[in-house]
């Protein structure tokens, strides 16, 4: 996650996402705490179905009630957008962009002309909008969320692309902050996912090796490959044929051996699981991870330490080992937030 704290003063002490009182076009709700006005200027990402009321018919809804966040945002003056082109055409705050009913696509599954904006495109547009006529500074949170999802999936090729995209975002943000000179950038994670390791043992043989070419050649997430397997089986193809086809179309070199087919199917415990994308995905993962010699110890989170990087004013506050909950407290202190008061207000 990237945290950007921008202030017109060299120390980042500015109100988070503060609405400009002079901009009458911003009709969205805000609230006052200790003389500071708070509101969300920028909301960009996926999860649209959780904003949509269950009586709406133009979008899928996962809600159990008819409260509609899109209608509420529209009434409060948000510029709404649902694809890259519409997002880029928004020139003023506030903005709400909801680009997928669920999670946004893995980068590895994107097409060149994909309608969803990338993390870099969303970050660039958010910074451009927030830095316009903003005398009070801002706080911006950028999350490379699909790094975590690829770790849960044990999908090294998808995870690699997500990390590269996040690195591109970090570089863009640092370049922007360098020119600005008044912005603190903090990059960290709330946990590691998957327990990824090099030098995976394959058939009891240990080699200090990593076959990066395999990682780079794979062109689909294993979730997408597993979805293809399920579709092919439903259309009457054999499971073996469907697995081979998915792995080959996903970028693995031929042949897909009989042993690899057995490994891919080893996760299937019941006949009904043949139609379970998540189960099949883990079997495909194992085939790919054996070829790359990448190991995963879990499909969950691990307890290892995560890195923290800081750039800009007050970066020294984030040096050294520290409790993860302390990072948020330090950000709140720098921004002069009363988190207890804000939380109480939001819960009213």
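Using N, Cα and C of the backbone, Cβ positions are placed for all residues, glycine too.
Positions annotated as Mg(2+) binding site by TrEMBL: 143. Residue density at residue 143 (Mg(2+) binding site): 15 other Cβ atoms are found within 10 A of its Cβ, drawing on all protein chains shown.
In sequence order, 193, 194, 299, 300 are the residues of the chain that are 6 or more apart from residue 152 (Zn(2+) binding site) and have a CB within less than 8 Å of its CB. The feature Zn(2+) binding site is assigned by TrEMBL to 148, 152, 190, 191, 301.
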Densest Cβ environment (other Cβ within 10 Å) across the binding-site residues 148, 190 belongs to 148
Residue 190 (Zn(2+) binding site) and residue 143 (Mg(2+) binding site), compared by Cα position, are separated in whole Å by 11
Filtered by Cβ under 8 Å and at least 6 apart in sequence, the residues in the chain of residue 191 (Zn(2+) binding site) near it are 301, 302, 303, 306
